[in-house]
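Since the structure comes first, as C-alpha cells, the remarks are kept for the end.
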C-alpha cells in the first residue's frame, strides 16, 4: 500500500513541468532555430560540442536544464534534416557544424525567387508603354476567363484621353464584333438546311 501512492505523486509533479516548458516556447523562437544560430555563430573549425551549445543557449536566456531533452531532440532533427553536420560522436552527443552545402542551396533558391518577382514588375511598365499590346492581351484574357471581363472597362477610360490608346481600343473593339458575327453566320446556314 505504501508503494502505490509514490508513482501517483510523481505523475502530477511531471505535468506542471511540461506546462511550464511549453509557455516560453510560444513567446520565443524554437529550440532548433536557437541551436542553429548558436552553431552558426561559433568559429571553431572542429564544430560545437553539445555542452558548448547548451552554454550558448543558456547565455541567450534559454532554460537548458528544464528543456535538456528538447535541445537533444532539436539537434538530432537538425542533423537528420541536413542543416547541421556531425563532426564527432554519434547522436546528440558530439560536435556539430553548419552544413554549408545546405545553407548555400537555400540561398540560390531565394535569389532565384527574387528575380522572378523583378521580371513580373518589369513587364508591367513595358506594357504601359505599348498600349496596343496591352489591349490585345486584355482581349485574349477576356475571352479565356469570364472573371477578367471587368478589365475591358479600363481601356475605354484610356481611350478618352490619349489618341494612341483610341487606336489600340478600335482594333480591340473590332475583334469581339468579329467573334460575335461568326456564330451568327454559323446559325444562318443551319437554319437554311432545315
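Even glycines carry a Cβ here, placed using N, Cα and C.
Looking up the ranges 1-31, 32-62 in Swiss-Prot, the one annotated as region 'Disordered' turns out to be 1-31. Taking DSSP states H, G and I as helix and E and B as strand, the domain 'H15' (27-100) has 37 helix, 15 strand, 22 coil.
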